[in-house]
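Pulled from TrEMBL, these are the features on record:
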- 192-223: transmembrane segment (TRANSMEM)
- 286-307: transmembrane segment (TRANSMEM)
- 371-395: transmembrane segment (TRANSMEM)
- 415-437: transmembrane segment (TRANSMEM)
- 449-472: transmembrane segment (TRANSMEM)
- 482-588: domain 'TMC' (DOMAIN)
- 544-569: transmembrane segment (TRANSMEM)
- 590-615: transmembrane segment (TRANSMEM)
- 665-682: transmembrane segment (TRANSMEM)
Amino acid sequence: ASLQILAAMPSRTIGHNLGAIISQYCNRTTRLRRRRPPLQQLSRTARPSLRQYDLETDPTTATLEERRRQLVKELLSLPPSQRSHMLLTMPLSLEEKRNLRRQVSRQRGPLRQHTHHWAPFSPCGLSKICIVLVCTEAVRAPVWAPAPLLSPFSSPQGCRGLWYRLLFLLRTAQPWHYALKQIGGRFGSSVLFYFLFLKTLLMLNFFSFFILLAFVVVLQAVYPPASVSPPPFTGLELLTGAGYFTDSLLYYGYYSNVTLNDPCSSSPKGSVCPLTAPPLPYNLPLAYLFSVVVSFLVTCILLMYSVSRSFRESVRSSAGYLAIKVFCTWDFKVIQKRSVKLQCENICTQLKELLVERRSRSHPQSRCQCLGHYLVVLLAWVLALGSVLGCVVAVHYSLEHMHMDSGRWQQEAIVLVLPLVVSLINALMPYFFNLLAMWEKQESPVTQVYVAIIRNLILKMMVLMLLCHQWLNRRVICSTECWETCVGQDLYRFMVMDFIFTLLDTLFGELIWRLILEKRLKTKRRPEFDVARNVLELIYGQTLTWLGILFAPLLPAVQMLKLLLLFYVKKTSLMRNCQSPSKPWQASRMSTIFIVLLCFPSFLCAAAILSYTIWSVQPSETCGPFRGLETIYESGKRWLLVLEKSNPNITWFAWVYQHLLENTNILFFMSVVVIAVIYFNFEVVRGRQRVICLLQEKIGN
């Protein structure tokens, strides 16, 4: 392999004309035709290399076309495997190789007609020929070049080409494949990351929704509880989540606390059940609890994998990356005009990102300039934190002064006040933070994005902490006795209102502003896509979904529908209303930051609040699968007692549950092991980064 690479390098083939190369390979095919050893029996060192030939001296005086015809004639005499290998190893351009393949396939057509007569075959041989011909037709036109006609008996090549074509189709069948390429080529990796992040959230919600749907929602829909008739559907429920949706599969209060395959569950109280209990009863409350816990565990595993992969990619230093991008980026298999244009735009945008990062590092400031910049940054942070405190006070005031009235329409109007206030704050405050960023005049676009992330994150986390404190203390406006359903309705309203304000922000912040710039101000500038604000909006919406998965099991489905609509709305607005960032920046390191923010502040806080609710908060006494219990966690203990009575052979499971799952020492030990593994992986990555820096210094020397 090394000899082949060295033979194809420009330093070995420079100055050698095309005719000399074709003549040399024509002589090589003649020798191969005389002996024809199998290619697999050749050792690596015995395979031909350009270093063994003097290409500058060509004894023949034939023209280039005669040499090409002679080479085609010799290639036709070789077996298909040696012929394809010879074409691959020739140090010729792709266009020249395509011409050779085309001439070989053109001359094999009449040759096959004259030499191949359909003699009588056995049924097995005839079926083999039919299968091979089907495989050949399937791979006849590959993506990068027209392929030669294959021999009827070259079934491994045909099936291999069919497998490659299927892999290509699977890759192009990925969701939004061409749309993501188009966005990355026109707007760069920073804007592309928003849509990749949205796709990741869609995958996480799909797994959570599938687990809850398979083990809880479908079974409860098949065995519905005896409930009162719901009020008529008016359409306002889509906005408030109340009314017709209150007694439905959407919320916690609809689910029952029965064992589905227990024959004694339908017997009257006080009577003796004559039937024996099933060996493994399906307890719906326990299924509800375990489905929520398993969905969180699956999400945690996927998030940890995403964090490790993103961190591993971002650790690679960007020193020397510009030369790699210039010389080694182009994909020579791309021949379609649309794909070539997209690849050109993508490489151009990536080069801009690299050059902007270098330019931002090569402009040092004086001491007076640094001191003035620090003072401006300090004042901007004081204003930002003061505005965050004012927003939290406004939300607290809205919580304290909301009261239920007698009228239904007034009640539904009041419950929309709090989501309206919170969504209005989340929509307007990022623009105030952008004004502060313009005043600060950060040189690096990455630093500007970091600052915007921290400020928006502080605002959203403070508001969510206040709301969670109100929900867990049951200070919610509720028209029913089931406080869990009311919390689920609040979270549903927050998600719907957040989606509405996102659409309004897209309409007025991008479309209307673009029309004002073009029609009134007569400028060619367009609004830029704010990556930090939009990604944090996605994190905020996903945090609401994780907080409400216990109180509204179908909330991941609502989030999936919201993400699907957001993708197409944002993509259309981006293509029509926005321009490329004026300061392009690479999203390789920023993607790690966003994934970490999704994992630790968002998912970790939601998991902590869920754990506190399961272990410490008393559920409602009249509704839900955990009615009549002190805590939700107590349902697991009751299920173990029922399991021991129904099947004494699995008492070992109860022992494992009591001594391993309930033992705090085991949990502490497992936490220490996980933290140690994370620390060692972090140290290994730091050591690799140090080795990379040393190797780059040696290369520079």
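Yeah, the Cβs are placed from backbone N, Cα and C, and that goes for glycine too.
Any TrEMBL annotation is an automated prediction that lacks curation.
Since the structure is predicted, the reported quantities are computational estimates derived from the model, not experimental observations.
Remote same-chain partners of the transmembrane segment (544-569), defined as residues 6 or more beyond its termini with a Cβ less than 8 Å from a stretch Cβ, comprise 176, 195, 198-199, 201-202, 205-206, 208-209, 212, 216-217, 249-252, 255, 288, 291-292, 295-296, 299, 464, 468, 484-485, 487-489, 491-492, 494-495, 498-499, 502-503, 506, 538, 602-603, 606-607, 609-610, 613-614.
Among 286-307, 415-437, 449-472, 286-307 has the largest number of CB pairs under 8 A with the transmembrane segment (590-615).
Per-class residue totals from DSSP over the domain 'TMC' (482-588), listed helix then strand then coil: 80 helix, 2 strand, 25 coil.
Non-local neighbours of the transmembrane segment (415-437) in the same chain are 239-240, 242, 380, 383-384, 387-388, 391, 394-395, 398-399, 402, 448, 451-452, 455-456, 459-460, 463, 467, 477, 489-490, 493-494, 496-498, 500-501, 504-505, 530, 533, 537, 540; each lies 6+ residues outside the stretch with a CB under 8 Å from one of its CB atoms. Taken as a whole, the domain 'TMC' (482-588) shows an average pLDDT of 89 in this prediction.
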